[in-house]
Structure formats: C-alpha cells, structure tokens
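What TrEMBL lists as transmembrane segment is 61-79, 91-112, 133-160, 216-233, 245-268, 288-310, 330-349, 384-404, 450-467, 488-509, 521-543. The Na(+) binding site annotation in TrEMBL covers Gly67, Ala69, Val70, Asn74, Ser299, Asn331, Leu396, Asp399, Ser400. What TrEMBL lists as disulfide bond is Cys172-Cys181.
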Amino acid sequence: MGPKEVELILVKEHNGVQFTTSTLVSPAGHPHGHGLALGPSHGHTPVPGEERETWGKKIDFLLSVIGFAVDLANVWRFPYLCYKNGGGAFLVPYLFFMVIAGMPLFYMELALGQYNREGAAGVWKICPIFKGVGFTVILISLYVGFYYNVIIAWALFYLFSSFTGELPWVHCNNTWNSPNCSDLWAFNNSLNDTHKRGVLHLQDSEGIADLGLPRWQLTSCLAVVIVVLYFSLWKGVKTSGKVVWITATMPYVVLTVLLLRGVTLPGAMDGIKAYLSVDFLRLCEPQVWIDAATQICFSLGVGFGVLIAFSSYNKFSNNCYRDAIITSSINSLTSFFSGFVIFSFLGYMSHKHSVPLDKVATDGPGLVFIIYPEAIATLPGSSVWAVIFFIMLLTLGIDSAMGGMESVITGLMDEFKFLHKHRELFTLIHRCGGIYVFTLLDHFAAGTSILFGVLIEAIGIAWFYGVDRFSDDIEEMIGQRPGLYWRLCWKFVSPCFLLFMVVVSFATFNPPNYGTYTFPIWANMIGWCLAISSMTMVPLYAIYKMCTLPGKFCDRLAYAITPEHEHHLVDNGEVRRFTVSCSSLLT
C-alpha cells in the first residue's frame, strides 16, 4: 500500500489561548495530505515542534476583523460619497460592487489564511512564484502604518485639548492663532482658513518643503500611541484579542449616543434628508460607479494582508464563510449608519450659520478634525461631547492600526522563523520607524498599489493555484464546498473588476492637494516611488524565484507554480498544473 503520513495534533491551553503542536512523521518527499491523518491538514508541512496560537474565543477574531475593517474612513468618507453621488441612489452601485467583488475577495482572504495558517507571504507556498505579492501587501501595510499612527496621535491631542471649560478651537484668543484669524463663517468659505488650521499649527508651514521642527505635544501623543499599540500586540492574539473588546465596540456606543443628540438639533433632519435624497439620474455618471467601486476596495480592508494574518490564527475547522458574510455586512452597515450621525450635525451647522449644506459637507480629515469639532463646540456641555467624540476616533484608529501592524509582524515572522522567539523586540522595532506628509502618503501608499496587489492575489489563486483546488481546501475546512456563484466571482468577475479598477486608477490619476495647496513635482515623484516600490515586489520576486530554482526553464516554471509540498511530483514528471510542453513553449 506504500508509506503513510501521520500528523499528530496536540492541543494545549494557556491563559485561555489554545496552541497547536504538530509533529510530522513522513517518508522523505511524500506528499502532505495523503494517507492517514489524526488531525486536519493545514495546507503546509509543519515544522516539528512548531506552535501556533489560536484565538481564545471566536468573538475575539470577529471583533478584530470588524475593528480593522471599520475605521476612520467609514466615518469621514462613505457619508460624503453617498451625499455627493445621488444620496440613496449611491447604494445601488455600492451594493452591486459589494456583492460581485467585496464579499468574494473578503471570503477568499479569510479562507486563504485559515487553511495555510501563515501570514501574507507564507501562504504563497501554494504557488511560490506569487510570493512577491505577499511582500507587496506587507510593505503597503508598513507604509500605511507610518501615517495612520499620526492620525491617532491627532485624535489623542484633540482629546487632551478637550479637557477644558472652553474648547480651544472656538475662538481666536489662543497664542497659536495667526493675526488674521476670524471667528466668523463666510458664505463662500466654510471656515476661515487660518482659524481652522490653528490647532495643529498648520499655519506655521508653507507646504511639504517647510515642515518645520516636530512639536513636542504631537510627538508626545505619537509616543503614547506607539506604547499603547506595542502593549496591545506584543504577546500576539493573546493581548490583541482582549483589547478589541473595547476598541471595536466603543465606536458603536459613541455613534449611537451622538446620533441621539444629533437628531435633536435644529436643521438635523435637513442634513439627514440631504444624505438620503435619491437622485437616480446620477447613476448615469461614470464617476458615481468609480467612487462606489473604490470605496468597496478600501473600506473592507482586502489587500493589506490583515485578513490573512487574523484568519491564520483560527481553528482549522472554523466557518470562515459565515465569518466573511457577517463581518463584511457589519462593515457596510456601519458606514451607512455613521452617515446619519455625521449629517445630523452637518445639517445643524448649515442651519446655524445659514450656509448651504455643500459648504460644510466635506470628506477626509477635515471633517473629523475641523468641521465636526466646530459643530460640537457650539453645543451645551461641549467639552463632554468633544471627549466622547475623540474617544470614538481613538478606538476606531487603534484597532485598525493594530490590524496593519499584525499583518507586518505575522507576515515576516512566518517567513523568517527566528523572529518567533523575539516577537516582543520585533514589535518594538517595527513601531519605532504634518498633514502634508499624511496627504502624500494617503494618496500614494495604498492607492493604485493596493488594487494591483489584490488583482495579482486573485489571479494567483484563481488561475494558477486553481479555483477547484481552492474550493477543495475550503470544503476540507468547513465541510461545505463554495457554490457556483463564489467560484465564478473568484475566477472571472473579481479579477475583471480589479483589472478595470487598476486601469481607471491610472487613467483618472490626479495629483494630491490639501485645500488650495498643490504638491510640487518632486513630492509627487516621491509618492510614485513609494507606490512602485511595493508593486515591484511581484516581478522582482518572480525573477528571483525563477533564477534560483534548479533545472531548465520549463522545470523552473513547473516548480514555481506548483505548491511546495508537491514539488516531488515535478521531480517524478507528474506535474498537475503544468500542462504545456517545453517544445510548445520554445517554438
């Protein structure tokens, strides 16, 4: 009958966290996954004595995924896009792209990480030539972390500034206000420019070439954020799984409280009506569909390697299909719900200052760090409301930043095993790495590059590893094979959607700007270098892999597209996914 493979899975529990220890006894070169198995196959050949923790409770994983996906962009971007693009009519393209691309890609990443039980780079043992895309998403997460922590530091600075009898941004009596600061709103300018920029001292800078020295207040806040993130992650999911009980649930409590207060304000219902007003004629405009597709790509958090990292700590038999449906739906519902909160206050501001709603409706950091604080400042007990609001921003930011950090840490630790023994030190090193820098990084670090990364990821799984094989893996985990709809989306619909988005992203590129400030050419060149540096990981690693594998070109290609645990089949000439003959390739 031939040799048999035996895998012994030992389970132990420490502080409520389960660990699995896999010991493999197998003849050399024997394929993983055949023969007798005393535990589930994990999609890769375990290292003897290898330990991998799993989430202590299922809810820890769900809250971590929800906390990562639901971030500041749900509050400052979706409501504005909905208002700008036909109100309720915007939900038509948004939900359409959610169904054909958002959920399938979300499901794909959760299943990929759970089956292979490794980070964004390690999972590509299923098709080694695509491992570069793993390093692409890790690098993107690293870039995003550089500026996302700054946003959290701003929120912390505003929070500290709110513990006063009178909020400091309501008047021009502060030492940091410029001489021409005004407390008055103008019809053609929602806020006096120098006034609204005073809290962060932006009036002291002329642009990205004039950043000035770091302010000790913001630097101290950033240090506090780094310390909080470090101690949230230094022990892995043992600590982060507990932190998200606060950071992932607090925003919903605060949003509900703010909504209950917001709807009582004069003009609030006008703002909500404008948010929900339906204009189906806007659906004839291509930009509305482009905005919906872009929002789907970024709001769910696919392509950052975070979903792969989080799901890699799941139990092998966890129902990742149900998780994908639940968490992606909650993310979209949160975006929609936050719109009621935001526009109740924007309607109030419009009413109070007798200006059109479109003069106060904006997206991006300006909404949560300028317009919304100004609205809160006019309420009775404004300091209390400001504290509540900025606590929400902190919790929204922290769990999303934790997800990005975990993507980098898990991805590199699974690829470089020696880091497992020094997770605490590695986490600290990873963390110690002005609005103009934020705008530049936000525009380039995770724009076109993230769409490109997800596109290559989808192609690698659907067309090289194979949808049928991927479906077999899912059936092995949850006992249910994905339906025809999911397989069609993975094979055709989602890759075509992503390819379209990459082309549109290049074709409709506009240089970044902040208000009336336009970035210089050299700054845009730096931005493009950042974007290209992550995207080039895909071809560079493919070239490296082809150069280091043994044999002729056809043999190397066979090794490169065959799962590593099946390389013995290439040695024996039994290549399963390499059907084109060498002679046909060379002619």
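Even glycines carry a Cβ here, placed using N, Cα and C.
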**Message:** Let me check the 10 A CB neighbour count of Val70 (Na(+) binding site). How many other CB atoms are there?
**Reply:** 27
**Asked** Is the number of Cβ-Cβ pairs under 8 Å between the transmembrane segment (450-467) and the transmembrane segment (245-268) three or more, considering only pairs separated by 6 or more positions?
**Response** no
**Message:** Comparing the binding-site residues Ser299, Ser400, which residue's C-beta has the most other C-beta atoms within 10 angstroms in this structure?
**Reply:** Ser400
**Message:** Please determine whether the transmembrane segment (330-349) and the transmembrane segment (216-233) are in contact (criterion: at least three Cβ-Cβ distances under 8 Å, sequence separation 6 or more).
**Reply:** no
**Contact yes or no, the transmembrane segment (133-160) and the transmembrane segment (245-268), 3+ Cβ pairs under 8 Å, gap 6+** = no
**Item:** Chain residues in Cβ proximity to the transmembrane segment (488-509) (below 8 Å; excluding those fewer than six residues from its ends, i.e. six or more beyond)
**Value:** 97, 100-101, 104-105, 108, 290, 293-294, 297, 447-448, 451-452, 454-455, 458-459, 461-463, 467, 470
**Asked** If the Na(+) site is taken as the center of the Cβ atoms of Gly67, Ala69, Val70, Asn74, Ser299, Asn331, Leu396, Asp399, Ser400, which further residues of that chain fall within 8 Å of it by their Cβ?
**Response** Ile66, Phe68, Asp71, Ala73, Gly301, Thr334
**Message:** Is it true that the transmembrane segment (288-310) and the transmembrane segment (61-79) have 3 or more CB pairs under 8 Å, sequence gap of 6 or more?
**Reply:** yes
**Request:** Any same-chain residues 6+ apart from Gly67 (Na(+) binding site) with CB under 8 Å of its CB? Would you list them in sequence order, or say none?
**Result:** Val244, Thr247, Ala248, Asp399, Ser400, Met402, Gly403
**Prompt:** For Leu396 (Na(+) binding site), what is the tally of other C-beta atoms lying within 10 angstroms of its C-beta?
**Reply:** 30
